[in-house]
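Features reported for this protein in Swiss-Prot:
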type     : residues                       : note
BINDING  : CYS291, CYS294, CYS315, CYS318 : Zn(2+) binding site
COMPBIAS : 95-108                         : compositional bias 'Polar residues'
COMPBIAS : 171-189                        : compositional bias 'Polar residues'
COMPBIAS : 223-233                        : compositional bias 'Polar residues'
DOMAIN   : 7-92                           : domain 'PB1'
DOMAIN   : 657-701                        : domain 'UBA'
MOD_RES  : MET1                           : N-acetylmethionine
REGION   : 95-114                         : region 'Disordered'
REGION   : 171-233                        : region 'Disordered'
MOTIF    : 661-664                        : motif 'LIR'
ZN_FING  : 286-336                        : zinc finger
Amino acid sequence: MESTANALVVKVSYGGVLRRFRVPVKANGQLDLEMAGLKEKIAALFNLSADAELSLTYSDEDGDVVALVDDNDLFDVTNQRLKFLKINVNAGVSTNSAAPESSGSSTPAGMPNPVSKIQKGINDVLMAVPNPMRDTISKVYMDLASKASTSSPVVGEMLDCISKLGQLSIPQESSPCSPVTKPGSSGASLSRDVPSAGGKKDISERTQTGRKPVNLNEPTGAHSKTSGHVPNSSGLGANFNECPFSGSTMNYSCPNPVNLNKHPRRVCHSKKSTNGDYWTSLGVFHKGIRCDGCGVLPITGPRFKSKVKEDYDLCTICYSVMGNEGDYTRMDKPVSVQHLHPFRGPFTQFPNPWLSHPVPRATNGGAPLRCTRPKLDSRFVLDVNVIDGTVVAPSAPFTKIWKMRNSGSLVWPQGTQIVWIGGDRFCNSLSVDLQIPKEGVPIYSELDVKVDFVAPELPGRYISYWRMATSDGAKFGQRVWVLIHVDASLKNSVVNEFHGLNLNASPSLDENFPSEFLGIMNYESAQPGSSSVNPGTVKGTDLEGEVGETQAVEKENLLVGEAHPAIPHGHSPSSSSSSFNMVDFPSMPAVEVLSGGSSSTTKDVPVPLQEDIEKNDVEITMLKELEEMGFKEIDLNKEILRDNEYNLEQSVDALCGVSEWDPILEELQEMGFCDDVTNKRLLKKNNGSIKGVVMDLLTGEKEA
């Protein structure tokens with residue numbers, strides 16, 4: 001280029017710093033600069049001492065590294081017609097410095113210039129620094145070194161220690177000096193013998209002394225007996241916990257040394273500890289465990305599990321601030337096998353994916369092996385009497401009986417009760433104690449749950465919700481209800497001579513009980529002296545067999561009134577599993593007694609002429625009830641009602657999907673999702689997956 005004909009661009013690299021300048025070219029083709037002037041120029045550029053011994057090299061036109069020694073070498077450079085001249089500078093020991101120290105002396109013969117002495121050590125350190133940071137560090141170092149060299153002898157001695165920083169990763173041998181050849185050099189003149197940092201002490205003395213703490217608050221001269229550096233077993237250089245000056249362990253004034261591999265929060269206010277095991281434990285992660293103090297996930301280092309609160313853990317930082325030693329258990333290592341339940345703590349030991357309740361398993365001895373988290377639970381089996389939609393007279397007392405099964409993993413103890421949880425209140429008490437034997441109700445056993453009610457005075461539809469609970473009020477199990485229709489026209493329809501009949505108790509196969517009174521419900525209390533009352537205990541069984549459409553229609557229109565005709569002698573009374581009984585008035589052409597679950601059925605039962613009309617009325621009534629419960633899809637409700645023969649209980653179960661959803665709904669309520677209608681809809685959408693429901697609720701899923 002034209003610019004190189006008049007001047008030559010010279011680039012000088014030293015300590016990772018690159019400087020450039022131009023040197024004019026004379027008419028005879030030689031540089032207007034001699035070798036001495038070039039060294040002075042380089043020393044001025046990098047703030048080097050004037051008497052520093054500089055070793056200059058460059059790459060010739062063939063790519064070989066050539067040394068610049070005298071003016072003849074500069075003349076040869078101009079003859080090569082290079083586009084630019086890049087010079088690599090290596091600074092050596094000053095020519096005016098004292099003789100090198102002997103290997104057996106503990107102190108040098110003379111104190112060299114501190115700045116020139118530390119240059120090589122810093123240069124070696126900078127070689128390991130990434131390129132983006134190398135230029136910045138070099139400039140800062142040059143400024144500090146030039147200003148601090150004349151400040152005090154103490155600073156000079158500190159700089160002497162810093163000059164050995166580059167030797168910390170070199171394995172120490174028994175010889176006091178170890179020659180190191182810098183990469184890229186091509187001659188004996190370019191090699192430099194770097195004195196070993198351990199040359200001031202005997203190896204045997206260093207081995208016996210070991211590492212000793214260094215107090216940096218004392219003058220540097222106080223450490224004349226500091227042991228030498230012990231080589232690192234890993235071979236990866238100096239440890240962060242070592243002093244870079246002598247290789248000894250540092251005694252930080254701060255109680256917690258900074259660990260660069262950890263989160264910075266762990267350094268600020270972690271527990272004071274000088275034990276090396278503490279820092280080792282910080283590498284332990286408790287997967288899936290969140291600190292309930294600061295919210296960090298997962299907990300790193302020791303985990304402190306509360307003995308007082310359930311599912312409460314603290315990390316080391318929060319424990320040092322708010323923890324009490326007696327209330328927490330320290331866990332230095334994570335649990336080897338830990339199944340994490342996303343919502344309600346750990347899984348039971350024997351989970352069953354098909355059931356909502358834990359399944360106890362028998363051990364070799366035959367005793368049931370309880371789950372790790374046993375719980376009380378109950379499941380509705382059937383309505384023993386007063387099925388949904390029963391028509392009663394105003395102010396008529398009656399007893400509702402539900403058959404419930406113990407579906408949990410604990411025995412129902414004495415004191416278990418059923419409590420009112422919502423809906424219409426037409427019972428004199430908010431809770432009723434159950435008749436439970438001393439040994440309790442075993443698992444998978446059934447119990448008749450009885451509650452006395454009094455029908456409201458005003459006509460209309462009434463529903464009351466109940467749920468089982470422990471003696472201390474903790475509710476459990478499925479929700480049950482009683483649904484009645486109060487009809488004012490039935491109040492005066494009962495014949496006085498039958499006022500002693502009480503059909504709250506299911507009829508028993510007793511010869512003293514008149515069969516012609518089956519199915520009649522009296523709105524008055526039973527007279528103590530009445531001989532027609534059989535107060536036996538009701539024992540219900542599961543419904544079996546099919547129920548016809550006529551039976552389903554009449555089931556929803558159970559009338560309370562009088563009945564004069566007698567039942568034919570050939571018919572036997574219904575079993576205790578009967579859900580309803582129907583009695584026609586005298587004006588009707590025949591008397592019907594229908595049994596919902598009995599194996600014995602009536603013969604030649606006539607179908608009422610108004611069957612279609614009544615069936616339509618029942619369907620409309622049940623559709624309204626389902627809509628009030630939250631089931632808004634009318635077509636689906638009709639289909640479910642017809643499939644279940646207008647049995648409201650079975651229809652609700654079918655609309656919910658499966659009865660096992662009740663525990664999931666309870667769990668969603670405990671998590672704060674209290675809209676049962678939305679929860680059921682999302683459970684149906686996600687096929688009973690609680691994870692899918694929670695994700696939809698958290699993402700703001702709205703009902704279409």
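Indices start at 1 and increase along the chain as displayed.
The backbone N, Cα and C atoms fix where each Cβ goes, glycine too.
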Message: For the binding-site residues listed here (CYS315, CYS318), tell me which residue's CB has the most neighbouring CB atoms inside 10 Å.
response: CYS315
Task: Would you list, in sequence order, the residues of this chain other than CYS291, CYS294, CYS315, CYS318 that have their CB within 8 A of the centroid of the site's CB atoms, where the site is the one recorded for Zn(2+)?
output: ASP292, GLY293, GLY295, VAL296, ILE299, LEU314, THR316, ILE317, TYR319
Field: Integer average pLDDT (0 to 100) for the motif 'LIR' (661-664)
entry: 77
Statement: Its Cβ having more other Cβ atoms within 10 Å than any other among the binding-site residues CYS291, CYS294, the winner is CYS291
